[in-house]
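K.L.:
Structure in structure tokens, see below.
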Amino acid sequence: MNYPEFPSPAERAAVIDLAAIRHNVRHLSHIVSPARVMAVVKADAYGHGAVQTARAALEAGAAWLGVAHISEALELRAAGITAPVLAWLHTHQTKFDEAIRENIDVGVSGWDLDAVVAAARELEIPARVHLKIDTGLGRNGCPEELWEAFVGRALAYQEEGLLRVVGIFSHFAVADEPHRPETDQQLEKFRIAVAVAEDAGVDREVRHIANTPGALSRPDAHFDLVRIGLGMYGLSPFAGQTPAELGLRPAMTLKTTISACKEVPAGQGVSYGLHYRTQEPTTLALVPLGYADGVPRVATGGPVQVDGQVYPVVGRIAMDQMVIDLGRTGIAGTEDSLVGREAVLFGGEGLPGVDEWASAAGSINYEIITRISERVSRTYIDSAAGTAEASGTGPIALEAVPEAPSGEVPSGVAPSGDVPGGTAEANGAEAVRAQ
């Protein structure tokens, strides 16, 4: 889609389209129905803003929210969001009592079960827990050989009234590579773990293992709940497949304005180390974004679009700025100068993509969006409603842009058959509005 023009309230802005987030949630909800969606808003919603993203996701039908840390869940509660929230990564300094008081679900897989129970006993309030089994990722999660005993401990605590086992979950290791056999192996281990728990007496509400790639490529992994992160932000988890091909709309546009423009001769060195030298007389333009803003220092060659033309970053990216080579002369100091013109690093349809920056940096799209720093203002727009709001500013009127319907997800992603397609409307996921 083409983002509507609006006066930028900041020198550097990450523009977040809440309509795109709602579209993506509805689209993915349709694909996984009748399973429900957990919107993963950890890491400040992958850099998009946790509270704003959570509200948009709930409005679009997400039933749960997911975060890594209890501190992130508490931020949502402080904002008045009352929807179910699961936090799954803890340390010995984690304040489980705050989670219990705020009705936050807690993922447990070992020592943390006893720590949660100690807090519940002190408060005389039962905790809500999800038991995690390590099915092959090798991070947190109860080892298979200890699972039966771990489930038994949880049930004993439940008998004491100290907790309620709400869910059983795990996490895929290679679902973004759909033809690898490890995902089948993890699924089989997960089914066995669920059966062991249920045979022992666990009356769980939800089972969940699938992330965005699992949601798109493994219908047999949807169970009761699917955790969507990257897809909610409109990005593809699969190499070689674009967001548009998956029916997704990128939600973030990173933009600034050109701050300087000057002609240089052939042989001019550019930026630290002078590793890049111009091959002929040209014009260089200065883009005031750098690695302090979260742009990877190593992403030389990354694309920047100005006035519909895409130019590569040349030389090293510095802390506060980068340089693009315009490939022509005769414009510096004239009315054709690009000084003050909008420069877009990445965005949605018709703009450079996050994946292009990930490729330039030798990284992944997840990292590109999550590392955008607080120095970059977040500006929220609603392309369906025609409004925009920047953090700390009032609303800015926009020309309304209708929300486009979802496209069909193409076949050929999953090894066992077609990837489900969908429409923009959620099917079977009840909307929960944030308070």
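One-based numbering along the chain as shown.
Heads up, the Cβ atoms here are built off N, Cα and C, so glycines get one too.
TrEMBL labels come from automatic prediction, so no person has curated them.
From TrEMBL, for reference:
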ACT_SITE  Lys42  active site, proton acceptor
MOD_RES   Lys42  N6-(pyridoxal phosphate)lysine
BINDING   Arg139, Met319  substrate binding site
DOMAIN    251-381  domain 'Alanine racemase C-terminal'
ACT_SITE  Tyr272  active site, proton acceptor
REGION    402-435  region 'Disordered'
K.L.:
Out of Lys42, Arg139, which has the highest number of nearby Cβ atoms, where nearby means within 10 Å of its Cβ, if these are the recorded positions?
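P.N.:
Sorting the candidates by Cβ neighbours within 10 Å, the top entry is Lys42.
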K.L.:
Please give the average pLDDT for the domain 'Alanine racemase C-terminal' (251-381) in this predicted model.
P.N.:
97
K.L.:
Let's see if you can do this one: DSSP helix, strand and coil counts over the domain 'Alanine racemase C-terminal' (251-381), in that order.
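P.N.:
Helix, strand, coil within the domain 'Alanine racemase C-terminal' (251-381): 20 helix, 45 strand, 66 coil.
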K.L.:
Validating a neighbour-count step here. Other CB atoms within 10 A of the CB of Tyr272 (active site, proton acceptor): how many?
P.N.:
12
K.L.:
Restricting to the same chain and to sequence separations of six or more, state which residues have a Cβ under 8 Å from that of Met319 (substrate binding site).
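P.N.:
Looking at Cβ-Cβ distances below 8 Å from Met319 (substrate binding site), excluding near sequence neighbours, one finds Gly290, Tyr291, Ala292.
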K.L.:
Could you state the CA-to-CA distance between Lys42 (active site, proton acceptor) and Tyr272 (active site, proton acceptor) to the nearest Å?
P.N.:
35
K.L.:
Roughly how many Å lie between the Cα atoms of Arg139 (substrate binding site) and Tyr272 (active site, proton acceptor), rounded to a whole value?
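P.N.:
Here the two Cα atoms are 39 Å apart.
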K.L.:
Per DSSP, Arg139 (substrate binding site) is which: helix, strand or coil?
P.N.:
coil
